[in-house]
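Participant: For reference, the structure I am asking about is given below.
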Amino acid sequence: MRDADGKDISGAGIRRRFLEFYEARDHARLPSSSLVPEDPTVLLTIAGMLQFKPVFMGQEERKVPTATTTQKCVRTNDIENVGVTARHHTFFEMLGNFSFGDYFKKEAIAWAWEISTKEYGLDASRIWISVFREDDEAYAIWRDEIGIPENRIKRMDEADNFWAAGPTGPCGPCSELYWDFHPERGVDGSEDLDDDSRFIEFYNLVFMESVRDTDGNMKPLKRKNIDTGMGLERMAQILQGKPNNYETDLIRPIIDAAASMAGISYDDADDATKLKLKVIGDHTRAVCYLISDGVLPSNVGRGYIVRRLLRRVVRCGRLLGVKAPDGAGAFTPAIARVAIGLSEACDANVLKSSQKICDELEREELRFATTLGRGEEILADMLAAAKTKDANAPKLTGEDAFTLYDTYGFPLDITTDVATEAGVDVDVDGFEKAMAAARDLSRDARVAVDVTVGDLLGAIADELGEPTRFTGYGSVTEEGVKVRALLKGGERVASAGAGDTVEVVLDATPFYAEGGGQVGDEGEIILSDDRGKLVVGDCRKAAGGRLFVHSCVVSEGVVGEGDAVTATVSAASRRRAKANHTATHLLQSALKMTIGEDVSQAGSLVNFERLRFDFNAPSAPTPEELARVESLVNGWIGDAIDLTAEEMAISRAKEKGATAMFGEKYGDVVRVVDVPGVSMELCGGTHVKNTAEIGGFKILSESGIAAGVRRIEAVSGPGVVDLLQERDGTVKALAGSLRVPPEEIAGRVSALMEDLKTSQKEAEALRGELAVAKATALASQAIDAPGGAKVLVARMDGVDPAALKAAAESLVAALGDDVAVVLGSGGDDGKVGLVASFTEGVQKAGGLKAGVVLGATAKACGGGGGGKPGFAQAGGRDASALDAALEDAKKTIVDALSK
């Protein structure tokens, strides 16, 4: 791609020529930094200067005096504008030249002008300049040395043309170069260079010349710096003569690939179709570079940005009918290969990572396709319900949005996109509240031990000398043990009676104390001769692990220090805990075998109901991988493998290859739990003797909880039976309510949904017919305005917006050629519906516009809205103001027609 002078104006050529221009002026060409910045305060690399920020801030010494780069950047703050405007992107390249205490303002301006007009050949008469209002030096250089006429140099305020790293630190004025797409318009109306249809900023020069202190005072920098940025996509648009950045050779090939896979032509497409193709082109570039830099799809941080962008690509592709080349599977990898092919001159690592990128895209797309199909149908019903509830200002509740997210995995941003397209608002605040409430419910309720109690228990341990002896590996009952200490309300007591909540220390116990992710045992402590009983709800370690402390309620009798007791763990609870704990070990091994040896534990919870396992993984397991994990665990359960547990030196355990538990600290002697051929871990928890005792294993859910951290929740043993019984009960209850066999439930529900939709449509049609009938009765109330026009302004309560529209249309048809109709409806809830319909004759005769008249009426009713000159709809929140508002509307119309 070359211009009239034979110069390369392709995206690659523009990039190469920029770098070579500054290399010829003694700038060191440096590589682009990663999209994952070293600066912990920034999520993604958003500017070319970011890799040099420590130098500009005086935190690092410069390695070179001057530099030039092409920096890959990602910004998502304007994601909703992608494809809408000519130049908004998520991914873009920023060409830059930098000076670290070397050259300054005069050279930076001269070179910016030279590369723009000489190297790139831009028409000097079409370049406009902005400077900071107080930067007389830059103004003079542009005017006197470069020769820019004063009427093409604009002084801007601090908000537009002054850069600062923060409230304190380096700062300085900016100067920007703008390209004029329409010089024929002259200088009028261009005072602020803010007409996006005419001007585009393509080069920004930052002159870091001051440092601001905490009092806001600015002093000159000892070493002045230059930071510049030229948008590659913008310069390509200018040089290639394209109407927008998307049609340059940097993005258009990606768009054309998507269009071809959808069987359409971009050039022949309507605006809505072009918008979706632009989103695909832009977002595909972004996700390719992000994944290449190690950012994988997840629900947190940078990973969520990748997931969000990719899901927008998938949804746009589905709406356009984009198909994979082979007609099946994921389509995103094929489009990504085009973007990857365009990447080499910007970042060669993208091409090297092509297989990784395509694998991630395919995995994520296929997972999301299932979610999208299920969620779209449910969301459609929710949006229809929202419109039925309030047609004037329909809003999807936060609870519904959260249900879509929590139950069906439908992300909020996609919900918002779909709702916006349907004209429905989303209660985002309500969604966040529902999310917070769910987190509160799921958070483990653990009461922190008061510091004073901890000190007291430490003193008790010192007094007793011997630590609590744990006997729970071999038995769930220990007879003849003694009560060594009693605590009540944080204080040591000699005895406690029925109803008291106490903490009990025994000299020996079968109760497992919480640790290694496993909860403490529950059970009971019985006094000798059955003189009393304590119900144990938990057991924990205290005093540096020397004491086992039992949390109890005295249910019968009186217990005192020195009493002989029998401690018994609940056999049912222990059985569940053992099954879940051993299943956790099997789960980790299955994950390593299925996903890879790089999988490592990041946390766990084993209780009596279920197990939770957190693990590090670069990406989410696929449904097929989870199915294999589940199958492996159940296979080992079926193999009836005997477990062994042995204490040994930690050095020997490491030699044997035992895996350590996450977050645990170990002494010189450790306990190793071995499932031969499957798993070997350092673990102090309780386990089954044979895998067959687990009974069964079922994954309940898998999700992301942090960047690169996944969570699996599952049940085993009796928990599987509980799950099956619960689901069986639900199925039977549904079958009973629907009066069909269980296997016919799905079909019956689908039929009922279709019946409901049909009934709703019929009801809507009847409401429309009723409104038209009411309107016929109102026709006689029309008044004759000057000029022969008919004016009818009336109230029709109890009518929804759709029916109100039908009524207005029928009245216009019935009353003649020159008609103005305004109808209002007030409900018991205080809300107002409004509609206006003006014929063309009324519009011309009175200069009336339905949207303007109705907008004022709606405003008087505490609402808003509008429409076209001939037809408009609106709503309000104050039905008490409706009568007066309608009278004002009538007066406005009649007065206009009287002129």
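Glycine is treated like the rest: Cβ placed from N, Cα and C.
Copying in the features that Swiss-Prot gives for the protein in this structure:
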- His581, His585, Cys683, His687: Zn(2+) binding site (BINDING)
Participant: For His585 (Zn(2+) binding site), what residues in its own chain, 6 or more apart in sequence, show a Cβ-Cβ distance under 8 Å?
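Facilitator: Within the chain, His585 (Zn(2+) binding site) has Cβ neighbours under 8 Å at Val673, Val675, Val678, Ser679, Glu681, Cys683, His687.
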Participant: Reduce the DSSP letter at His585 (Zn(2+) binding site) to three states and note it down.
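Facilitator: In three-state terms, His585 (Zn(2+) binding site) counts as helix.
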Participant: Tell me the Cβ neighbour count for His581 (Zn(2+) binding site), meaning other Cβ atoms within 10 Å of its Cβ, over all protein chains shown.
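Facilitator: Total other Cβ atoms inside 10 Å, all chains included: 25.
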Participant: List the residues in the vicinity of the Zn(2+) site, defined as same-chain residues other than His581, His585, Cys683, His687 with C-beta within 8 angstroms of the site's C-beta centre.
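Facilitator: Result: Lys578, Thr582, Thr584, Val673, Glu681, Gly685, Thr686.
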Participant: Ten-angstrom check, please: count other Cβ atoms within 10 Å of the Cβ of Cys683 (Zn(2+) binding site), all chains counted.
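Facilitator: The answer is 27.
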Participant: Would you identify the secondary structure of Cys683 (Zn(2+) binding site) according to DSSP, in three states?
Facilitator: coil
Participant: Including all protein chains displayed, how many Cβ atoms other than that of His687 (Zn(2+) binding site) lie within 10 Å of its Cβ?
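Facilitator: Total other Cβ atoms inside 10 Å, all chains included: 26.
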